[in-house]
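This report refers to the structure that appears directly beneath it.
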């Protein structure tokens, strides 16, 4: 009986949440409600939705990963130490990647350090975290392998990304080209690109990616628990699945980082798909024990 009541309570709470979210989004997307970047501002102190949602996504992902690490028999002190270094490297990598593609917008080093105002690139974060993880495993010789760590990391990363994308929502960024589809999103004129200043409604690409990230998280979670044969398989699948969605969604984005006439995210995603697919085939066909690599 208690289990039934608990299930009904969760179901009712979830239903109310999604009903509220639907109503709220419909008001924002129609332009009836205009968003603020700030949760509150008191004097010189301000708390932004962007940084709060990024932090929320990280914390939820961290606790899910930590539980999985415990089930894997990993030393949790070593796991926490890796996370500490990985987070620092991920933030630096995410910001550095973004700033390098937008140098003309940063007049000083201080401007480049203002990560709470937005401007983080997931590809830079992944590169920074992976490099740090590799060095940590090589130098520290912990209770886990590098690929075991990356599987834990990438199995929960899409969940954090799905939550973090809503920071773009409150910043009125990461939206797509103009559209008249029923789910079109109103963007105030100050946030519109100059070439689209006469348009009011745009693709909510932040929402597309958030939904895709959630789907990837659930797919990877099922694979992690039921079908994984070798460490590294989940990492490869993350590269493939996330990148497939990113390539499609990036086509609609109006604020993409560019390499010449090529969207950087699409180019890097294509490379990751190739690497992930190849790596997955190699790992699935490998006869080496699970702790290899």
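Even glycines carry a Cβ here, placed using N, Cα and C.
According to Swiss-Prot, the features are:
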TRANSMEM  4-24  transmembrane segment
TRANSMEM  45-65  transmembrane segment
TRANSMEM  81-101  transmembrane segment
TRANSMEM  115-135  transmembrane segment
TRANSMEM  204-224  transmembrane segment
TRANSMEM  231-249  transmembrane segment
TRANSMEM  262-282  transmembrane segment
Beyond the flanks of the transmembrane segment (115-135) by at least 6 residues, Cβ under 8 Å: 48, 50-51, 54, 82, 85-99, 101-102, 146, 149-150, 153, 157, 161, 167-168, 171, 173, 257, 264-265, 268
Cβ contacts under 8 Å made by the transmembrane segment (262-282) with residues that lie 6+ beyond its boundaries: 101, 121, 123, 232-233, 235-240, 242-244, 246-247, 250-251, 253, 256
Sequence-remote partners of the transmembrane segment (4-24) [C-beta within less than 8 Å, at least six residues beyond its ends]: 33
Beyond the flanks of the transmembrane segment (231-249) by 6 or more, those residues with Cβ under 8 Å of it: 145, 147-148, 150-151, 153-155, 157-158, 161, 176, 205, 208-209, 212-213, 216, 219-220, 223-224, 265-266, 268-270, 272-273, 275-277, 279-280, 283-284, 290-293
